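Per TrEMBL, the features are:
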- 14-34: transmembrane segment (TRANSMEM)
- 99-118: transmembrane segment (TRANSMEM)
- 138-165: transmembrane segment (TRANSMEM)
- 186-213: transmembrane segment (TRANSMEM)
- 328-349: transmembrane segment (TRANSMEM)
- 369-388: transmembrane segment (TRANSMEM)
- 408-429: transmembrane segment (TRANSMEM)
- 463-491: transmembrane segment (TRANSMEM)
- 547-569: transmembrane segment (TRANSMEM)
- 575-593: transmembrane segment (TRANSMEM)
Amino acid sequence: MVASAFLPELWTEILIPVCAVIGIAFSLFQWFIVSRVKLTSDLGASSSGGPNNGKNGYGDYLIEEEEGVNDQSVVAKCAEIQTAISEGATSFLFTEYKYVGVFMVFFAGIIFVFLGSVEGFSTDSKPCTYEKERTCKPALATAAFSTIAFVLGAVTSVLSGFLGMKIATYANARTTLEARKGVGKAFIVAFRSGAVMGFLLAASGLLVLYITINVFKIYYGDDWEGLFEAITGYGLGGSSMALFGRVGGGIYTKAADVGADLVGKIERNIPEDDPRNPAVIADNVGDNVGDIAGMGSDLFGSYAEASCAALVVASISSFGINHDFTAMCYPLLISSMGILVCLITTLFATDFFEIKAVKEIEPALKNQLIISTVIMTVGIAVVSWVGLPTSFTIFNFGTQKVVKNWQLFLCVCVGLWAGLIIGFVTEYYTSNAYSPVQDVADSCRTGAATNVIFGLALGYKSVIIPIFAIAISIFVSFSFAAMYGVAVAALGMLSTIATGLAIDAYGPISDNAGGIAEMAGMSHRIRERTDALDAAGNTTAAIGKGFAIGSAALVSLALFGAFVSRAGIHTVDVLTPKVIIGLLVGAMLPYWFSAMTMKSVGSAALKMVEEVRRQFNTIPGLMEGTAKPDYATCVKISTDASIKEMIPPGCLVMLTPLIVGFFFGVETLSGVLAGSLVSGVQIAISASNTGGAWDNAKKYIEAGVSEHAKSLGPKGSEPHKAAVIGDTIGDPLKDTSGPSLNILIKLMAVDKEKTCFC
């Protein structure tokens with residue numbers, strides 16, 4: 001008889017929902033503080049009593065009043081622009097969700113039919129797969145509950161993205177107004193707003209999953225094998241919606257961004273986010289629907305799938321066999337501890353230390369990663385000690401492997417620290433504070449061609465260390481605890497998801513704040529502050545994508561383990577023709593997917609460029625600033641293109657496993673998954689880092705902080721134009737194709753698992 005966990009089941013049932021509620025409460029508190037920055041020119045409106053009065057800028061006088069930036073019309077203009085961005089983003093997401101809703105219903109029906117037809121929609125109980133002496137619930141029940149879990153995951157994913165977008169559009173103008181008081185004040189508003197999204201998503205995802213498990217348990221009772229098999233639908237639903245959010249949002253934002261840059265910056269030589277540019281509102285809307293809503297859904301999907309993969313393996317291990325609920329909930333306890341750790345970490349950025357200079361911004365964000373990782377290591381040790389028996393068994397391809405609790409602790413830690421390494425490597429290759437990006441900027445001296453060559457080389461080189469980090473994580477975690485170890489390693493990487501999302505969402509909020517400052521006609525000094533926030537935000541966004549890609553690789557492998565275990569495959573022989581065919585086809589899929597998304601951005605950008613040119617050529621007084629551009633037409637072009645173009649890539653990902661599994665069998669399907677995983681991870685990291693480096697190389701020249709940067713500028717110089725071209729090429733790489741690939745990797749894995757159940 002295997003010993004039980006030290007923590008009583010009652011305490012587990014209390015702790016998990018309490019931690020989730022604490023996370024939600026903390027996010028609402030952060031939102032309340034942000035809401036005290038009023039979109040009004042009345043200083044007294046934002047300096048009333050309450051927490052933090054006199055700190056973080058609420059009671060400060062404006063240091064830019066002498067430049068007239070406190071003029072009522074300027075503040076009103078900020079509010080007007082914010083409203084336009086918010087309405088545009090809301091309109092697009094509602095349109096997108098209508099189409100996604102149809103898909104959700106259709107695919108939910110497919111799941112029910114496929115799973116229900118396994119035994120002819122039988123309502124009779126059956127012997128359990130791994131414990132023949134026990135009776136499990138019928139296949140029809142698994143089909144019904146998997147479908148319900150799929151819908152719950154899909155709805156939670158959609159809400160995560162939508163609420164993130166609403167928070168970001170609520171905070172962008174407030175960040176702009178706080179920039180009048182100094183860069184530190186603006187930083188705190190942007191970061192608090194990102195924290196609202198981070199904690200809301202992490203806590204709500206945990207709470208919904210925990211409630212779903214307990215509700216399903218009412219029906220399933222002691223049949224934990226069937227219970228947690230049905231729960232996998234939660235992860236599938238989350239990533240399915242994330243795919244459309246990432247692809248659709250990415251096409252939207254990059255079509256507008258490319259169109260605005262090519263005509264505005266290069267042809268017309270006007271600043272970024274200039275209100276005369278017809279595509280400027282669509283560009284700012286895109287930051288919210290792509291980088292905020294898409295990223296929120298993406299990381300929610302990673303969290304849900306990692307949790308589900310761990311729970312499925314645990315259910316057929318000693319945790320499930322002995323019905324040890326506390327040990328079974330070990331993945332959820334890790335996430336609960338992560339919320340508490342991230343709460344403490346956030347206070348270091350918002351309350352314990354104050355940003356006073358531009359050079360302190362990036363270190364403050366980097367410290368968030370370091371602090372959360374260090375504290376979380378201690379938290380994992382506590383959870384592993386109280387939440388696990390000293391010794392237990394883990395299912396390992398038909399056998400039960402004996403594992404110690406300290407070994408599982410190391411599995412989670414190796415994923416956690418691998419995430420930090422990936423984050424730091426990503427920062428090194430995408431931040432303009434280091435030589436790789438500076439070398440890319442220097443290559444612009446000889447034109448766009450050398451800029452492109454240097455940028456591509458940087459992206460390829462940036463893959464090396466993250467791949468070694470992922471490989472070591474897989475080796476260590478699998479050696480200690482088989483596929484369950486890989487799954488909890490992925491959870492370790494995602495355990496600080498609240499902090500990761502906070503620093504990731506901070507970037508687009510700062511980007512929007514700079515755009516609003518430009519469009520509202522605020523002073524050059526304020527735009528310099530928002531640009532400094534944005535430059536740091538580009539790096540943090542790249543770090544967030546690195547986390548997402550790394551965790552996707554581990555999650556996909558864990559799901560692959562569940563797939564081959566369920567299919568009865570103990571080894572995959574790469575010398576078998578069927579497997580080789582699968583490997584080749586799987587390795588090709590990320591290229592096919594990237595080609596579809598890149599071409600979609602190019603086609604939409606072509607229409608955008610033509611429309612922007614048309615308006616500049618046909619609207620009298622537009623360049624002089626005496627006439628207003630037609631923003632709505634550009635918003636419509638991006639909306640129509642993204643809705644139309646997001647469907648084919650989505651169908652490619654969702655239908656490939658079904659077609660391959662049905663016509664060629666599980667061996668070929670195994671090869672397809674392995675090939676897409678190996679190929680997709682490399683392309684995703686390279687694409688994201690290449691685009692991020694090109695973007696920050698452009699900003700390095702524009703900022704002109706160092707003598708080297710000044711020699712390449714100013715804006716409008718030939719090196720700057722070459723940098724803009726590189727940035728434009730990199731836009732769909734870093735914000736559409738690259739981030740979408742990690743969803744492809746995860747989604748094909750979980751889709752294959754469901755295919756296997758059929």
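Keep in mind that glycine also has a Cβ here, set from the backbone N, Cα and C atoms.
Curation does not apply to TrEMBL; its annotations are automatic.
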Go through 99-118, 369-388, 463-491 and flag the stretch with the largest number of C-beta pairs under 8 Å relative to the transmembrane segment (328-349).
369-388
Long-range neighbours of the transmembrane segment (575-593), counting only residues six or more past its ends (CB under 8 A):
649, 652-653, 656, 660, 664-665, 667-680, 683-684, 737, 740-741, 744, 748
Any residues 6+ beyond the ends of the transmembrane segment (186-213) with a Cβ under 8 Å from its own?
16-17, 19-24, 26-28, 30-31, 33-34, 37, 56-57, 149, 152, 156, 159-160, 163-164, 167-168, 170-171, 174-176, 178-179, 227-228, 231, 234, 238, 292, 296, 299-300, 303-304, 307, 311, 329, 332, 335-336, 338-339, 342-343, 346, 349-350, 354-355, 361, 364, 497-506, 509-510, 513, 529-530, 533, 537
When you scan the chain for residues with a C-beta under 8 Å from the transmembrane segment (369-388), skipping those not six or more beyond its ends, what do you find?
5-7, 12, 326-327, 329-330, 333-334, 337-338, 340-342, 344-345, 348, 405-406, 408-409, 412-413, 416-417, 419-420, 423-424, 492, 495-496, 499-500, 503, 543
Cβ under 8 Å to the transmembrane segment (408-429), counting only same-chain residues 6 or more beyond its ends: which ones?
330, 334, 366, 369-370, 373, 376-377, 380-381, 384, 388, 436-437, 458-459, 461-462, 465-466, 469-470, 472-473, 476-477, 480-481, 484-486, 488-496, 539, 542-543, 545-547, 549-551, 554, 688-689, 692-693
